[in-house]
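Asker: According to Swiss-Prot, the feature NAD(+) binding site maps to Ile18, Ile19, Gln20, Phe21, Gly22, Glu23, Gly24, Asn25, Phe26, Leu27, Arg28, Ala29.
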Amino acid sequence: MKTLNRRDFPGAQYPERIIQFGEGNFLRAFVDWQIDLLNEHTDLNSGVVVVRPIETSFPPSLSTQDGLYTTIIRGLNEKGEAVSDARLIRSVNREISVYSEYDEFLKLAHNPEMRFVFSNTTEAGISYHAGDKFDDAPAVSYPAKLTRLLFERFSHFNGAQDKGWIIIPCELIDYNGDALRELVLRYAQEWALPEAFIQWLDQANSFCSTLVDRIVTGYPRDEVTKLEEELGYHDGFLDTAEHFYLFVIQGPKSLATELRLDKYPLNVLIVDDIKPYKERKVAILNGAHTALVPVAFQAGLDTVGEAMNDAEICAFVEKAIYEEIIPVLDLPREELESFASAVTGRFRNPYIKHQLLSIALNGMTKFRTRILPQLLAGQKANGTLPARLTFALAALIAFYRGERNGETYPVQDDAHWLERYQQLWSQHRDGVIGTQELVAIVLAEKDHWEQDLTQVPGLVELVANDLDAILEKGMREAVRPLC
């Protein structure tokens, strides 16, 4: 069986116009996949050079396959049908290592056609590293490497205004474009680079903040033999992802034309502010996950897919989304409902086995950031507590007992909560404290909740009632009235 390469698998090759920091699965099944579609259907005509930003030889370089690899996109489409689509990606030309090919890295700045910079260097990637110097070959941090590359471009083209770049980071931090820009400016000032360069950075370059959304499941280790047989070739960089994707870019309106989105519509939004889209994702997608996990797991289910195929648990989650989360969010209802519909479809994806216990990690913080704002907004708007979001809090507290049907399971959270719950549930079992007292102690933790939740009218009582129902009847019986 042949391995992918451009000699045996000839086809389109595009001039290099995009630099991408990061060789991982996410960018390959998200950014490069979208660029490939735009190259095929429009005159975008842009090839990608992947820069490996860290010093590692694993996985091997994409250049071993001349940049070629296959994406397998699978899940439920808009009609709820299971689909699987294999695509040979030709948008990546080569990969270089900034550590072993530093001169080649700097030469990327000399190419007049270069226009875009994408990156995913993990959440920790957009950070300051003290001690990074201009003459380091290379500097340690991604922002320092980018500053050096931008200065190379500025110098090579004598500060030409039309040679700036559109920089689109995909790291999962708030306002990633602003954060990256601030660090680039910090290094420029720290390294005492000319004032003209700092002005050029501001005037000729755009740093765009983004929101990225797609579950990328990566290399399908367990299915490789079968998939390669179907494809008819060997591919060491196979990359699998869900059907759904969304790319929200906070940037100039002209970006839509530059990316040719006017000629081939992708699920890419160019917006003035990503904040409402971030809130929508956190509240609906992440919030639904967080409400679902402790309820479904204690009802005897193990994966998100099983939960969504369970009529009662599915009804609980959908009612939480449509009746309690969406009404308090600040975007057009139609847009929110369309997003919610896509979310529940994603949860049902038969190709992804999303373990509830893995999503349960750090559940206390997730509840505070993802559900509490909607719970409190609902109470403020209606004068009553949203029943399902409140029940989810009771289910979460019950989850920290660490026991289901007489069997223990691992609970992962910070040490403070693990110790606290161990102590509280032990006291509860021994009859030292009652359910209402246990709930009040948890809700009074100001350092965690950033407020004293025992002051929210009726919250302690309602959570305690729900928790008693869970303890006495079991999760199935307790949740039924809310389904």
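Any Cβ shown, glycine's included, is placed from N, Cα and C.
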Asker: Are there any residues in the same chain, six or more apart in sequence, whose C-beta is under 8 angstroms from the C-beta of Gly22 (NAD(+) binding site), and if so which?
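Answerer: Within the chain, Gly22 (NAD(+) binding site) has Cβ neighbours under 8 Å at Val50, Val51, Arg52, Pro53, Phe118, Ser119, Asn120, Thr121, Gly125.
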Asker: Let's check the environment of Arg28 (NAD(+) binding site): how many other CB atoms sit within 10 Å of its CB?
Answerer: 28
Asker: Once the chains shown are all counted, how many other Cβ atoms turn up within 10 Å of the Cβ of Phe26 (NAD(+) binding site)?
Answerer: 19
Asker: Mind checking which of Ile18, Gln20, Gly24 has the fewest other CB atoms within 10 A of its CB? They're the binding-site residues.
Answerer: Gly24
Asker: What does DSSP say about Gln20 (NAD(+) binding site): helix, strand or coil?
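Answerer: Its secondary structure by DSSP: strand.
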